[in-house]
Every structure is written in C-alpha cells, then in structure tokens.
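In what follows, a structure is listed as structure tokens, so that the remarks can point back to it.
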Amino acid sequence: MSNTNGGNGIQRSQDKRELLCLLKLLKKYQLKSTEELLCQEANVSAADLSAISETDVQQVLGAALGLGEGEKEKEPPRPAPVETKQTAVTEANAAEALAKFIGDDSFDAQQHEQAYEDLRSFVEDSLDIYKHELSMVLYPILVQIYFKMLAIGQKEKARAFIEKYKSDLDGYYIEGLFNLLLLTKPEELLDNDLVVAMEMDKFVIRMSRDSHSLFERHIQDRRQEGMARNKLQCVATAGSHIGEAKRQDNKMRVYYGLLKEVDFQTLTTPAPAPEEEDDDPDAPDRPKKKKPKKDPLLSKKSKSDPNAPSIDRIPLPELKDSDKLLKLKALREASKRMALGRDQLPSAVFYTVLNSQQGVTCAEISEDSTMVACGFADSSIRIWSLTPAKLRTLKEADALRELDKESADINVRMLDDRSGETTRNFLGHTGPVYRCAFAPEMNLLLSCSEDSTIRLWSLLTWSCVVTYRGHVYPVWDVRFAPHGYYFVSCSYDKTARLWSTDSNQALRVFVGHLSDVDCVQFHPNSNYVATGSSDRTVRLWDNLTGQSVRLMTGHKGSVSALAFSTCGRYLASGSTDNNIIIWDLSNGSLVTTLLRHTSTVTTITFSRDGTLLAAAGLDNNLTLWDFHKVTDDYISNHITVSHHQDENDEDVYLLRTFPSKNSPFVTLHFTRRNLLMCVGLFKS
C-alpha cells in the first residue's frame with residue numbers, strides 16, 4: 001500500500017510540475033487572462049511559478065514533442081556550457097515531430113525520385129484523351145516528395161529535384177514552387193500553411209473513371225466522373241494552391257435572391273383629408289375634388305424571390321423615415337435610367353488624379369455619385385464633391401436645438417451653409433490607406449490601412465468616430481453592407497472579419513484561406529460575403545453561421561477584384577492572371593472566363609440594370625462585356641466549364657475597349673442612370 005501511495009504522490013508531483021511549466025509558458029507569451037484563470041482553478045501561487053526555470057519548461061516541451069525514454073531519464077543539462085546542446089535537442093525533437101507529421105520514417109529519396117520519373121513517363125505515354133487529366137497528379141506528388149526530402153534534411157537534393165522537374169508543370173504552379181524553395185529547415189515545414197493543407201486536407205483532383213482506372217491509386221474516397229476532360233476543362237478549374245474544390249465544398253444551399261423592397265406607397269400617400277359636405281347652397285357649381293392618383297412607379301409591388309433568404313434570417317437595421325426618403329429619391333432617379341445593351345453602350349467619364357506625389361492607393365465613389373474619396377500612401381484621405389453642392393458640416397449645438405425636428409428637410413437644415421468646402425481631408429491612420437467605403441446613407445466613411453486598423457469617419461462632423469482593432473497585420477479591403485450597419489474587412493493575416501458599426505469586436509471571423517485575403521465584397525442581400533485570396537481561390541461565406549458555403553478555383557494568380565451581379569446569382573472575379581471569371585453561386589460552377597486584359601484586373605462593376613459588365617486594370621484599358629448574352633448562353637447550355645474564349649475571338653462577349661493612354665484605373669462606378677464613372681491616376 002505504501003508503495004502504491006508513493007507512486008501516486010510522484011505522479012501528482014509530476015503533473016503539478018507540468019502544470020507549472022504550462023503556466024510559465026503562458027506568462028512568457030503574455031496570455032494573462034488564460035494564466036489567471038488557470039492559476040485560480042489549480043490554486044497555484046506566484047511563489048510556485050518562481051521555482052520553475054526555463055530549463056524545466058524546455059524539458060517538458062521536449063517530452064511533449066516525443067523524446068525517447070532514454071532521453072527522458074537524462075539529467076537536466078547545466079545551463080552555461082550546454083546551451084548549444086539544448087538547442088540541438090530541441091531541433092531533434094522538432095525533426096522527430098516533423099517525421100511523424102510527414103509520415104514516412106523509412107523514406108528513400110532515390111526510390112521516390114525514380115518512382116516520380118516512372119509516373120512522368122506513364123503520363124507522357126498515355127493517350128491524349130487521358131493525358132491532361134493524368135498530368136494533374138504530377139504537381140502534388142512532386143511537392144510531397146520535396147516535403148519528405150526536406151524533412152529528412154536533404155535540402156540540396158530537394159532543391160535539385162524541384163529544379164529538374166519544374167519544367168513539366170504548368171506556369172501557374174511556378175510561383176508556388178518558388179515559395180517552397182524558400183523553406184530551408186525541416187522545422188519550417190511545421191509552420192507552413194501549404195504544407196499543413198497538403199498533409200491534412202490533401203490536394204483535390206477531379207478525375208474520370210477511365211483515367212482513374214489507368215492510374216493505380218485512389219485520389220479520394222468519392223465518386224468519379226464519367227468521360228475524361230480535355231485540356232481546356234482541366235485548366236479551367238486548376239491553378240489554386242489546394243487543387244480543385246471538393247464536391248461537398250459546394251453542396252450547401254445558398255439563398256442568392258434579393259430581399260423584398262420596402263413598400264414606398266404607404267410612405268408617400270398623404271393622409272385622407274376630412275370629407276366636406278357637398279350641399280353648400282352658395283356654391284352649387286363648385287367642382288368636386290379629385291382623388292390623388294397613385295404613382296405608377298411606386299405602385300409596382302416587388303415579386304417574392306423563391307431563392308431569397310427570409311427577411312429575419314439575419315438582423316437588419318430598421319429603415320428610418322430619412323432612409324426611406326433617400327431610397328425613394330434613388331428609385332425616382334432610377335426610373336430615368338438609360339437601358340444599355342449591345343447597340344446602346346454607356347457614356348464614360350474619367351476622373352484623373354494629377355500631381356499625386358503622395359501616391360493614390362485607392363478610390364471610391366458614393367452610391368449617389370455625389371462624392372469621391374481617395375486614399376493616399378502618406379496615410380491621408382481626401383474627399384471631393386462631384387456636384388456644385390459643397391461639403392458642409394453640422395451647425396453649432398445651440399443652433400441645432402432651435403430646429404424643428406419634425407420638419408421634412410431636417411437633414412438639410414442641420415448643415416451650416418457657411419462651412420461649405422469643395423474638398424476635405426481626414427488624418428488619423430499611420431500607414432498607407434488601402435480602401436475607402438461609403439455607407440449607404442452617405443453619412444459615414446470606412447477606411448482601412450497598413451497600420452492594421454479600420455476607422456469610421458463621420459461625413460457630418462468630418463472627424464473619426466471609431467477605430468476598430470482586431471487584425472494584427474495590414475488590412476487590404478473593407479466594404480459596407482448594402483443595407484448598412486454591417487461591414488466586412490480582410491487582411492494579410494489570412495482572415496476576413498464581419499463587424500457592426502456599434503461594436504468594436506468582430507461578429508464573425510472567416511478562416512480558411514491559405515494566404516492573404518486581398519479583396520472582399522458583400523452580397524446584395526447582405527447575407528453573404530465573398531472573399532478573394534492570394535491562394536488563388538474565391539470563397540463565399542454565410543454571415544449567419546460563419547461557414548464557407550462555396551469554394552471556387554480556376555484563377556492562376558492572386559484574386560484582386562470581386563463584384564456581384566445585380567440579380568445576386570453570379571459573381572465576377574478579376575485576378576493578377578489578367579483574366580475575369582464568372583461564377584454561378586447556385587452551384588459554385590464556373591460559367592466562363594473572359595480573356596482580353598494584358599495586366600492585372602483591378603476593378604469590376606456591373607451596370608445598374610445588370611446587362612453589362614465593366615472591368616479595368618493596370619493595362620490602361622476599360623472593357624465592356626455583354627453580360628446579358630453570357631447568362632443567356634449559360635442558361636441555354638451553349639457554354640460550359642470547358643468554354644474558354646480564344647484571344648482572337650473577341651466579338652463573342654466583348655462590346656468595346658476604351659484605352660486611357662497612360663492612366664491605370666483605380667475604380668469603376670455606374671450611376672443610377674447608368675453613366676459609367678472611372679477614377680485613375682496619371683503616370684508620366
């Protein structure tokens with residue numbers, strides 16, 4: 001009995017030592033809240049922690065990483081002379097953990113290189129109908145062999161292996177291989193997201209039954225497709241760092257329809273006047289009052305969309321009377337909209353930013369086309385008025401108290417006419433400003449910067465209202481929801497975050513990309529968010545659950561621009577591979593790829609009636625595409641995933657190209673009447 005109790009006491013002592021080492025580690029990394037909570041639950045004092053040295057922590061970590069029994073029983077090394085030995089032990093532990101992570105302890109580099117050579121010959125000797133599908137397995141296998149060579153310390157052999165066979169791969173994989181060659185130590189594999197993705201999530205390749213039967217290995221436990229795909233079909237969805245999307249990635253239903261609009265008729269119909277008696281003997285011939293006619297524009301009721309989410313699926317802000325009046329004004333202006341098409345192209349106006357020594361980093365035009373905001377590399381933001389109306393500020397508090405708050409033009413009366421200016425500046429960021437975004441009500445402006453913060457500015461007081469902190473690296477993009485209140489941001493930290501204007505904490509954190517999230521966009525119904533990343537994928541996220549509901553692959557470079565169609569079903573994405581891809585959100589499939597630009601596509605937008613797609617980029621060209629024909633051909637099955645336009649076949653969907661000489665485009669915007677507005681900067 002005494003021996004048993006003694007054994008239990010030793011075990012308890014060992015457990016307490018490990019707990020103290022864990023607390024010491026938490027303290028080292030300044031995780032104060034977790035440390036305090038754990039100390040309180042385990043009844044540990046500060047004196048207990050002081051008895052634990054850094055050597056004790058390293059020993060416990062070494063045991064956790066999987067040291068052998070003989071190494072566990074060794075006496076702790078003396079501090080001064082054995083520091084290099086301790087480092088060597090730590091590296092050995094990391095290598096052992098890495099071997100378990102990568103998997104094969106008896107890896108033979110020569111044998112695997114010969115096997116890859118045999119596979120390469122097998123693919124090359126296959127029939128043309130199978131060759132393109134089979135060749136898609138070369139890249140993931142090449143990368144896996146490189147990982148294993150690096151894991152066993154054969155750095156030079158691994159580099160030579162990549163250099164020898166990289167010419168077999170398509171060009172869009174070369175950038176990924178270059179990044180892998182930057183890994184020099186085995187332990188660096190543990191911290192690399194691409195390595196983790198290749199080991200845990202695998203590399204997805206869609207393969208036909210016939211090709212799969214020729215290739216004696218199962219890719220994944222799922223159903224294969226029938227006929228083998230040709231080269232265009234294989235290339236269409238290839239290129240991302242994780243291969244192609246799995247079937248289950250795009251299985252969930254997406255409510256891509258638009259929400260039902262507010263009934264403006266109740267807002268504009270005046271209250272019925274009291275009835276007057278008609279039997280006045282002094283005025284027998286007085287004409288009878290006519291009943292007010294209903295506005296035919298407002299009497300049209302919006303049809304309920306079966307693909308639309310319920311109005312209460314996510315909490316949306318209630319419309320104030322002033323918001324309804326703004327929407328009513330927009331609706332009346334939209335009634336004068338010019339119908340666009342192949343025979344009726346829009347007029348385009350180009351605003352060029354001259355003498356911008358600070359460097360224009362972004363530009364945004366407000367929804368009502370009355371203001372333009374530009375962000376600069378010197379951390380400033382500048383706003384211009386695009387109409388004769390000047391940018392005014394609020395009156396003094398005493399003057400505001402005297403106003404009739406029930407008057408219809410209270411929003412105009414609040415502003416001081418004497419304070420009007422044609423331009424205003426915002427200062428507050430400490431790094432280049434990468435994006436500006438106007439609120440739908442045009443009274444707020446969002447900005448994001450390299451300083452990892454997002455700022456909310458008031459367009460009434462012309463000052464910063466809130467600073468949102470959550471990202472730990474530069475924030476590349478920020479967008480307001482079409483219904484206001486919510487906004488979304490994306491960052492170098494590989495995440496996108498959903499926020500509300502009344503909270504300084506993110507409501508959702510969207511995690512799944514393997515590299516920078518470069519651009520973000522809200523769906524027209526505010527229920528979904530699209531993100532584009534340097535991992536060459538486009539994802540659609542559900543704001544209610546925070547889950548990824550669509551994963552779309554096909555770009556061969558970083559995704560630089562996103563835009564939803566006015567109907568909400570389609571998504572357009574532009575990339576550094578110079579291409580524009582149209583996606584169908586109902587099933588996540590690729591509709592078509594538009595090829596015409598010769599440099600990065602930086603901005604995309606749809607016309608207000610949804611018939612045209614405008615895109616522009618660093619090649620100083622603006623292109624207009626017949627989106628109505630694209631969707632008609634897609635729905636009638638005239639185009640498929642394999643449909644890629646030939647570079648000489650520009651008359652299929654391309655309507656017009658407008659060159660801007662020497663001014664790269666920064667942003668595009670369609671007004672409510674379908675006038676196209678462009679902003680760019682002149683480069684001498």
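Note: Cβ is positioned from N, Cα and C throughout, glycine not excepted.
Under the heading compositional bias 'Basic and acidic residues', TrEMBL lists 294-304.
Residues or ranges marked as domain 'TFIID subunit TAF5 NTD2' by TrEMBL: 108-226.
According to TrEMBL, the region 'Disordered' annotation covers 267-316.
The repeat 'WD' annotation in TrEMBL covers 353-394 (among others). Mean predicted confidence for the repeat 'WD' (353-394): the pLDDT average there is 90.
Residues or ranges marked as repeat 'WD' by TrEMBL: 426-467 (among others).
Here TrEMBL flags 468-509 (among others) as repeat 'WD'. For the repeat 'WD' (468-509), the residues of the chain that approach it from at least six positions outside its boundaries are 193, 259, 316-317, 431, 434-435, 437-441, 444, 446-456, 515-522, 524-526, 529, 531, 533, 541, 543, 546, judged by C-beta separation under 8 angstroms.
Using a Cβ-Cβ cut-off under 8 Å and counting only residues 6 or more beyond its ends in the same chain, the repeat 'WD' (510-551) has close neighbours at 172, 193-194, 197, 239-242, 245-246, 249-250, 252, 254-259, 308-309, 313-314, 316, 476-483, 486, 488-492, 494-498, 557-564, 566, 568, 571, 573, 575, 581, 583, 585, 588. For 510-551 (among others), the entry in TrEMBL reads repeat 'WD'.
Residues annotated as repeat 'WD' in TrEMBL: 552-593 (among others). A Cβ distance under 8 Å defines the sequence-distant neighbours of the repeat 'WD' (552-593), meaning residues of its chain 6+ beyond its ends; these are 171-172, 175, 236-240, 242-245, 249-250, 254, 256-258, 307, 515-516, 518-525, 530-534, 536-540, 599-610, 613, 615, 617, 619, 625, 627, 630-631, 634, 639, 641, 643-645, 653.
The repeat 'WD' annotation in TrEMBL covers 594-626 (among others).
Away from its own ends, the repeat 'WD' (594-626) comes close to residues 334, 337, 339-342, 345-346, 348, 557, 560-567, 572-576, 578-582, 644-645, 647, 650, 653-674, 676, 678 of its chain (Cβ-Cβ under 8 Å, at least six residues beyond either end). Taken through DSSP, the repeat 'WD' (468-509) splits into 0 helix, 22 strand, 20 coil. Counting residues of the domain 'TFIID subunit TAF5 NTD2' (108-226) by DSSP class, helix then strand then coil, yields 84 helix, 3 strand, 32 coil.
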